[in-house]
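Beneath this line is the structure, given in structure tokens, with notes to follow.
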Amino acid sequence: MRESWGASLKTICLIGGKLQGFEAAYLSKKAGMKVLVIDKNPQALIRNYADEFQCFNITEEPEKLVAISKNVDAILPVNENLECIEFLNSIKEKFSCPVLFDFEAYRISRDKRKSKEYFASIGTPTPQDKPSEPPYFVKPPCESSSVGARIIHDRKELKELEPGMLIEEYVEGEVVSLEVIGDGNNFAVVKETLVHIDDTYDCHMVTPLPLDPSFRELSYSLAANLPLKGIMDVEAISGPLGLKVIEIDARFPSQTPTAVYYSSGINLIELLFRAFNGGIEEIKTLPEDRYCIYEHLMLAENGVLIPVGEQVLSMGNDYGNYYEEPGIEIFLCKGENPVFTLVFWGRDREEAEARKNKGLSILKSRFGAAA
């Protein structure tokens, strides 16, 4: 493995062609990079959005990936396949470019029980485990999926849970998110966002939030105590009793990075590369004259646009550009029902909302859609 990686990121190789991959590819393109996507699925969701798509299983043909590493500036895993992640960790020393990933942090964050132990070890406030009285909040023990997450109001229902499900107190409040990128010594806490969730606890919209010193301090502590060399997403509930961290995910997120980009001007792909090439600086101030609305809407059979989350989006078969003008970008995910990802930005919320209205009118004129 080379000791010096060079100063610029011109070509990035993404391992994974689903929603995480789309987010990373989008921001890479915004930074002027060429995007190569590798996925073992020939019908990978973003195969046509990438500049180049190669279909093969890296665990079966590692020599291909080693050869590719000589012609790209970085490799970024954008999937949650544990076999794939562990395999990349085992062969990363053979690559001629860095892997922009903290494997040890991912091991902790992927396992929600290990995460809770980590939170307790550094005094991070978090929902109580196995409370004596309902309501309870139950969620899967691994990965970042919201599948199976729900509120239980009757103790009897606990007996019907799938084995291994985590049981926590239900905490009222809004779901908030913060990305942190570290180089192992310095940790850049980026931009707070509000995660709008549906009845299945899946995110259908992201909007920016004002600076929150306590959330930034918590997120910094979580990154510094690992210590993080890579990217990590911190999610918390912000309620009447303050912040309670519900999970960390040490992998490149989907949805929030685009909202962060347009509301702060910070490209998380560029910042992540700097963590492996020369180091990063902590972020002290952010611009206040930016706002962004990021959301997913499905065109139902009755012509109505319905908010949906990533669970629906992930069932699509092709994802790419649909419409663009200053302050408006619309992406189309083809499938049983078309799902649009709409991104609107401006100097403030009012300008972003005006552009949202224009974007919705575009869909209405083309599809007869009603929001």
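Every residue, even glycine, has its Cβ placed from backbone N, Cα and C.
Site annotation (Swiss-Prot): L-lysine is bound by LEU19, GLN20, GLU80, SER254, and the candidate from GLU192, GLU310, GLU324, GLU325 recorded at this site is GLU310. LYS18 is the only one of LYS10, LYS18, LYS94, LYS112 that Swiss-Prot places in the ATP site (with ASP39, ASN57, ILE58, GLU80, ASN81).
SER146 (ADP binding site) has GLU310 as its nearest neighbour among the binding-site residues ASN57, SER177, ASP249, GLU310, going by CA to CA distance.
According to its DSSP assignment, SER146 (ADP binding site) is coil. Summarised as a single figure, the pLDDT of the domain 'ATP-grasp' (93-277) averages 96. Residue environment of LEU19 (L-lysine binding site) contains 22 other Cβ atoms, counted within 10 Å of its Cβ in all protein chains. Each of the binding-site residues ILE58, VAL171 was scored by the number of other CB atoms within 10 A of its CB, and the lowest score belongs to VAL171. Taken residue by residue with DSSP, GLU310 (L-lysine binding site) is part of a helix.
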